[in-house]
Amino acid sequence: MRPSRRAPDELRPVSLERGVVKYAEGSCLVKFGDTHVLVTATLEDRLPPWLKGQGRGWITAEYGMLPRATLERTRREASAGKQTGRTVEIQRLIGRSLRTAIDLEALGERQITVDCDVLQADGGTRTASITGAWVALADCIKWMKTRNMLKTEVLRANVAAISCGIYNGTPVLDLDYAEDSEAETDANFVMTGDGRIIEVQGTAEKTPFTEAEFLALMALARKGVARLVDLQKMAVA
């Protein structure tokens, strides 16, 4: 039995609320159970120096946690003077994932910066961030369309992410913190709406896992991502 009493293939309650920040071109408040992330997408008329003059745009991401997003206060990284390796890894993952969803040439020489701020953490902050970031990005692109800033379609695919793991010998979907901290194996899957794989991160915490177990986790992830994509489509409709 899972601590949350969910079925092995059951997501936590998920909500995706678009347009929650009035100043941002795109925004989304995403909730995976008790994990809550505020995502904004900002359109900027600038590019990394190495991209200038190439006729295409860029998507980049930043990620951070509020000090009391966790049980005990975590010092702000700004006050520490540097980002942790975990933060850098996650924001690069978010940026990579979103770039697969976009026709960068159709975007033109512009940059969209996606900021993911974790308000409350209960496992799966990176997967919630990616899923909500796609909604914020779509919201930003819709904003651009209403101002005739785009000549062709920019969004190529939905992108969502979910965690899976082996908990008490059973493959389960969408781990919360209680499960993640005790799981024998945990993995994060980033996929497109049609089931193509963007990135997989998997680690055996206690016991190595078999190919069959990995395939079971991937099957759960496909099911979870399909449901998340349905919710994304409803959020941006």
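Note: Cβ is positioned from N, Cα and C throughout, glycine not excepted.
Per Swiss-Prot, the feature phosphate binding site maps to Arg86, Gly124, Thr125, Arg126. Mapped onto three states, the DSSP output places Gly124 (phosphate binding site) in coil. Every protein chain shown contributes to the tally, and the Cβ of Gly124 (phosphate binding site) ends up with 26 other Cβ atoms within 10 Å.
Taking the mean position of the Cβ atoms of Arg86, Gly124, Thr125, Arg126 as the phosphate site, the remaining residues of that chain whose Cβ falls within 8 Å of it are Ile90, Val118, Ala121, Gly123, Thr127, Ala128, Ser129.
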